[in-house]
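In what follows, a structure is listed as structure tokens, so that the remarks can point back to it.
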Amino acid sequence: MNDLKFDPNVKLILASARSHAMSLSHGQVTPLHLGVTLISDLTSVFYRAITSAGDGDISAQSVVNVINQSLYKLTKRNLGDTKVGVAVLVISLLEDSQISDVLKEAGVVPEKVKSEVEKLRGEVILRALKTYGTDLVEQAGKLDPVIGRHREIRRVIEVLSRRTKNNPVLIGEPGVGKTAVVEGLAQRILKGDVPINLTGVKLISLEFGAMVAGTTLRGQFEERLKSVLKAVEEAQGKVVLFIDEIHMALGACKASGSTDAAKLLKPMLARGQLRFIGATTLEEYRTHVEKDAAFERRFQQVFVAEPSVPDTISILRGLKEKYEGHHGVRIQDRALVLSAQLSERYITGRRLPDKAIDLVDESCAHVKAQLDIQPEEIDSLERKVMQLEIEIHALEKEKDDKASEARLSEVRKELDDLRDKLEPLTIKYKKEKKIINETRRLKQNRDDLMIALQEAERQHDVPKAAVLKYGAIQEVESAIAKLEKSAKDNVMLTETVGPENIAEVVSRWTGIPVTRLDQNEKKRLISLADKLHERVVGQDEAVKAVAAAILRSRVGLGRPQQPSGSFLFLGPTGVGKTELAKALAEQLFDSENLLVRLDMSEYNDKFSVNKLIGAPPGYVHWS
């Protein structure tokens, strides 16, 4: 027997069957010994298939009682497996006449058991995919709602519905929401809001890191990838793969000298046997994917642009309930609007909506942390009480000193006053804390009930959906409303995330003072001339002209798609032309370092123009 053709589980089963035959003093191992070994494992495919095909555990027990023979050596059947697996072993076993007779005698139909094994074998194939990935459709109910992006999702659906080259690749800057488009597709598949060819499809997010991990020998990575691709092919169009950072497929496992994944993917992608969604950034796509023309032409590009500030505000409003439920806080709408505006203005190294969402998330986490920490007023009083108790303990030892006795009396009186002041505050704090904790618990319960309601509606379980929608959920909603109404009187604890919390987080990220962030844009523009005069002395006409031009542009009186202002400062050396430009940059962009200064006196020579446009081809620094 060639052990290399059997997976480890089968080897264990065969060894166990052999031991069982030896314990019964039988001269050979027959299919019946193998049957006893398989059915004795309550988690095995054989046991589960018999219980499903028959009368549950009763049928399995009947089979155990009838089987008392030994095992017959099996050969691999043509089921497309590279190795003999447990499912193949069971199907081969069912074809044996002895086992068939035993099952019939036990009241179980062999054909029905075989069909159940085939069904379970399909689950095993899907489990192989899940080893290196995650089914996004299964998790769709727990994912964040996808607001907007309908055009991109529709484009992805259209590409997936093609006959060949049905592989969309999402291209966009980091943080614009490429993965969210795929999550939106998963939610549509779950709801059934997709064409027939995508109904019931599994959307598997493949992790190349998990596939590469532990591949110490050459060929191990390719073997894993081939098993995944074979599982997708056997699913016959019911599985769509998604790989984030698709450019990794062009370099996965190259360091060990192995073939990169793209060479294994190309044939199936071209024939349409594999439906595949990729995602990568513009820079990575240009650097890695475009260089491999054969790989690139098998994909259809779907560009994901950065959303505008109004679109970001809509996205934040859609995510509001999720973050409120997770953190147990309430988010004001003004905080969401300010988050989008401040992140666009001050956080320049990242993209919307990612930076705005992170801003809201951190603000919520900060407020939640403050809720879990004792208020400063109570903490200060408790420290004073502890300090006085220590002093009393020390003074009580000095009974002969009259001054100590007088001080002891004074300290005791002060301690009683502090305790009288601390007790009502502690009671109020505990009451407010209890209300907040109960509100958190009810909101979490509401989220769980909403997920259960969506599941009941998908399964068309009308009675259960009605009980949840008009019973349990409404009761929880009314309880939450009642608690939130009573929480409005909270003085010591606040669970509200407001604009001041957003401004505080932006200040921590950027170093810009909170007072400047809180300043209204309208007030800043009106006082622009005065602020410029604080730095530029004199030059009234120039300052007035600059301030008026900026004000006209910002209020919308200027031409659209034009700069806020274009100024030509003329005058002799030293009168303040550069200083006015620096002051203007400081007022508009909060730092004079954000001014790009080109000193044209440095460009007198012909060759110095290379400083602006770069070196010509063939010269150093050309790229």
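Each Cβ is built from the backbone N, Cα and C atoms, and glycine gets one as well.
DSSP classifies Gly571 (ATP binding site) as coil under the three-state reduction. Cβ contacts within 10 Å of Gly571 (ATP binding site), excluding its own Cβ and spanning all protein chains shown: 11. What Swiss-Prot records for 172-179, 571-578 is ATP binding site, and it gives sequence analysis as the kind of evidence.
Across the coiled coil (368-462), mean pLDDT in this model comes to 79. Look at Swiss-Prot and you will find 368-462 tagged as coiled coil.
Sequence annotations record features per position, and here Swiss-Prot assigns domain 'Clp R' to 1-123 based on sequence analysis.
Per Swiss-Prot, the feature region 'Repeat 1' maps to 6-71; the stated evidence is sequence analysis.
Annotation source Swiss-Prot lists region 'Repeat 2' at 77-123.
According to Swiss-Prot, the region 'I' annotation covers 129-375, on the basis of similarity to another entry.
Over all protein chains present, the Cβ of Lys178 (ATP binding site) has 25 other Cβ atoms lying within 10 Å. Taking the binding-site residues Gly172, Pro174 in turn and counting surrounding C-beta atoms within 10 angstroms, the largest count is reached at Gly172.
Taking all protein chains in view, 6 other C-beta atoms sit within 10 angstroms of the C-beta of Thr573 (ATP binding site).
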